[in-house]
Amino acid sequence: MQPNSVTLPFAFDAHVHLRRLRSVARLTAQHFSAAIVMPNLTPAIRSAEDVTEYSKWIMSATGKDYLPFTPLMTFKIYPDTAPETLKTLNEFFELSGRQIAVAGKVYPKGLTTNAEDGIEDYFALFPLFKKMEKLGLVLCLHGEKPGNAIEGLDRESAFLRTLFYIARSFPDLRIVMEHITTEAAVEAILQLPENVAATITAHHLILTHDDVGGDRMRPHNFCKPVAKRKSDRTALIEAAISGCPKFFFGSDSAPHPKDKKECSECCAGVFTAPIALPLLAEVFTKHNAINRLANFAGGFGQMFYDVAFAEKPVTLIQEPMTIPQEYDGVVPFLAGQQLSWKVQE
Ligand code: NCD
Ligand code: ZN
């Protein structure tokens, strides 16, 4: 028998989009002790000044109600990001003593939200990667190969060669392949040394490609990278519940206003922040692994990033919860459906 409640000493979301939406930022702060905050805003977060301002904005948006909450900041990497700019990003906030940014994020050109100005030539970034390795900044990769030669569903597996090449060229650079969706990516992460890890979202443990466009088009299930086959989902679940510290939770919760999702050419992104932990509890219970949830959604991510932050426990209980239709104009994943777990408020 598995327990019908579980307390995580803290929850850590290693990949989240907060935009400039106060209510969204508060929803993450409510359940999580810390989160790695993505920089793909318009304008993007790319310098130490941007990061500092955005971090302050997040702290003021989240307010005092849900403390402690620590936003761990990232900067977007551009083809012309100069290695010299990393020095300032690697400094420490005066008051909190935290690092200004913990990671830099590479978006492949044209493949996701606000990535029109992303990267095509990864090798041109090698001097930057070298400097990141030296400074101890983590490299976060949206692992899909850009360019016209590759079909959408194959972009992640096609990117793995680049991942291997970067990882082997920079053995001391910590690399996170974000939101993996394929069995091939799971295998690659297992083959690569300790400095390479991956985040896994809650929705990719639940969806397959058919849930996105198998019969009807379901825009609220559409994200990048798109969910793949059942065999891929099985591999992701096995990785998530395996107890292997190379796989940890990053929600990739990515809010878009309802009218930008329910339209032609809808934006990519699935909004899960307020229900992410109950979703994970469902999956982990189903696979008899609820005792591994605390590490997947907390300890392993914190260990890889090697970050200190104040922790707050979060208790999940097995009680029915109906997912709201909307959170402040944003439709959540599985809106209106029932979950069998919820967060004890
Ligand atoms: C993200 C977003 O909306 O910012 N969308 C998504 O589909 N995952 C960007 C990203 O992480 O790819
Ligand atoms: Zn993302």
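The backbone N, Cα and C atoms fix where each Cβ goes, glycine too.
Caution: TrEMBL annotation is automatic and unverified by curators.
Since we're looking at a predicted model, the values are computed, not measured.
Feature annotation from TrEMBL assigns active site to D252. Per TrEMBL, the feature Zn(2+) 1 binding site maps to H15, H17, K105, D252. The substrate binding site feature in TrEMBL is assigned to H17, L18, R19, N40, H142, H256, A268. If you look up TrEMBL, you'll see K105, H142, H179 marked as Zn(2+) 2 binding site. What TrEMBL lists as N6-carboxylysine is K105.
Location within the structure of each feature annotated in TrEMBL.
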residue	record	contacts (Cβ under 8 Å, 6+ apart)
H15	Zn(2+) 1 binding site	I36, M38, C140, V176, E178, H179, T199, T201, G250, S251, D252
H17	Zn(2+) 1 binding site	V37, M38, N40, D252, S253, A254, P255, G269
L18	substrate binding site	V24, A25, T28, A35, V37, M38, I58, A61, P71
R19	substrate binding site	L41, P255
K105	Zn(2+) 1 binding site	M38, P39, N40, T74, F75, K76, I77, C140, L141, H142, E178
H256	substrate binding site	T113, C266, C267, G269, F271, V330
A268	substrate binding site	T112, T113, F222, C223, K224, A254
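Taken in sequence order, the recorded positions N40, D252, H256, A268 that lie near ligand 2, meaning a CB under 6 Å from one of its atoms, are D252. In this structure, none of the binding-site residues H15, R19, K105 sits close to ligand 1 with a C-beta under 6 angstroms from any of its atoms. Excluding K105, H142, H179, which define the Zn(2+) 2 site, the same chain contributes H15, M38, V106, Y107, T112, C140, L141, G143, E178, D252 within 8 Å (Cβ to the Cβ centroid), listed in sequence order. Other Cβ atoms within 10 Å of the Cβ of H142 (substrate binding site), summed over all protein chains shown, number 26. Counting every protein chain shown, the number of other Cβ atoms lying within 10 Å of the Cβ of the residue listed as 'active site' is 29.
Note on N40 (substrate binding site): other Cβ atoms within 10 Å of its Cβ, all shown chains, come to 20. Cβ proximity to the Zn(2+) 1 site centre (mean Cβ of H15, H17, K105, D252, cutoff 8 Å) flags the following additional same-chain residues: V16, I36, M38, N40, C140, E178, H179, G250, A254.
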